[in-house]
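Below is one structure, written out as structure tokens; comments come after it.
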Amino acid sequence: MGFKASVLTLYPEMFPGFLGYSMAGRALENGIWSLEAIQIRDFANDRHHSVDDTPAGGGAGMVMKPDVLARAIDSVDNQYPRLLMSPRGRPFNQKMAHDLKDRGGVTLVCGRFEGIDERVIEARNLIEVSIGDYILSGGEGAALVVLDSIVRLLPGVMGNSQSGEQESFEAGLLEYPQYTRPQIFEGRAIPDVLTSGNHQAIEKWRKDRSEEITRSRRPDLYAIYEKNNRKA
Ligand code: SAH
């Protein structure tokens with residue numbers, strides 16, 4: 001059985017979105033993963049199908065109602081982790097993508113408006129996850145980002161499964177520079193070592209570049225890498 005993704009949203013038509021294309025799209029057709037997008041509004045029970053209301057204590061915007069959302073969440077009957085897309089959440093990263101892949105499925109809740117009532121976060125044990133320090137207008141884009149990072153890790157999704165292990169973050173380092181033909185582009189040549197055929201030299205060059213780029217661009221990641229690789 002494939003990886004099972006359930007998404008709770010006010011815009012189910014936004015799914016699978018870009019995940020319907022390319023490798024993820026083929027894997028979806030082949031049943032390597034499945035996606036159900038659930039309309040939260042279907043769980044509203046008043047005449048106007050309201051899903052939001054004004055914030056207690058006043059202020060701008062609207063807040064998603066806890067009762068409607070709780071019923072929508074309860075309609076998803078499985079044991080998979082439940083994530084709430086939220087700018088207050090734990091920063092999403094590659095390790096979390098791997099962990100979720102290993103769980104076999106995930107439920108993603110997409111907020112809209114000013115966010116959702118705090119009590120449903122507590123009552124349904126929603127794990128708040130952020131995709132970065134900026135504000136989106138809804139959780140749908142974030143949910144697609146999270147799913148993309150998980151789906152490409154599933155066995156059989158990536159053409160060359162080798163390429164997964166050499167990418168940025170997998171070794172705690174950013175990726176080295178990549179080149180392809182033509183040999184000369186606007187006067188710039190591909191570094192000689194890459195066309196030398198000397199595989200050991202190529203590997204060393206790539207590792208050196210990875211370390212250099214990580215050190216200068218992401219000292220935070222480099223500090224962790226150094227700590228993990230320090231010889232006793
Ligand atoms: N008033 C909130 C922002 C609400 S944005 C605040 O200031 O924190 C509306 C919805 O977009 C959120 O409920 C969440 O689901 C989604 N969202 C916005 N930014 C996000 C981010 N960086 N990561 C994940 N989801 C985000």
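Positions of Cβ are set from backbone N, Cα and C atoms, glycine also.
Annotations in TrEMBL come from automatic prediction, not curation.
Predicted, not measured: the structure shown is a model, and the values here were computed from it.
Take the S-adenosyl-L-methionine site that TrEMBL assigns to I131, G132, D133, Y134, I135, L136: the candidate from G111, G156 listed for it is G111.
Each residue in the domain 'tRNA methyltransferase TRMD/TRM10-type' (4-222) has a pLDDT score, and their mean in this model is 96. Checking the binding-site residues G111, G132, D133, I135, L136 for a CB within less than 6 Å of any atom of ligand 1 leaves G111, G132, I135, L136, listed in sequence order. Cβ neighbour count for Y134 (S-adenosyl-L-methionine binding site) (all protein chains, 10 Å cutoff from its Cβ): 7.
For the binding-site residues shown (I131, I135, L136), fewest C-beta neighbours within 10 angstroms: I135.
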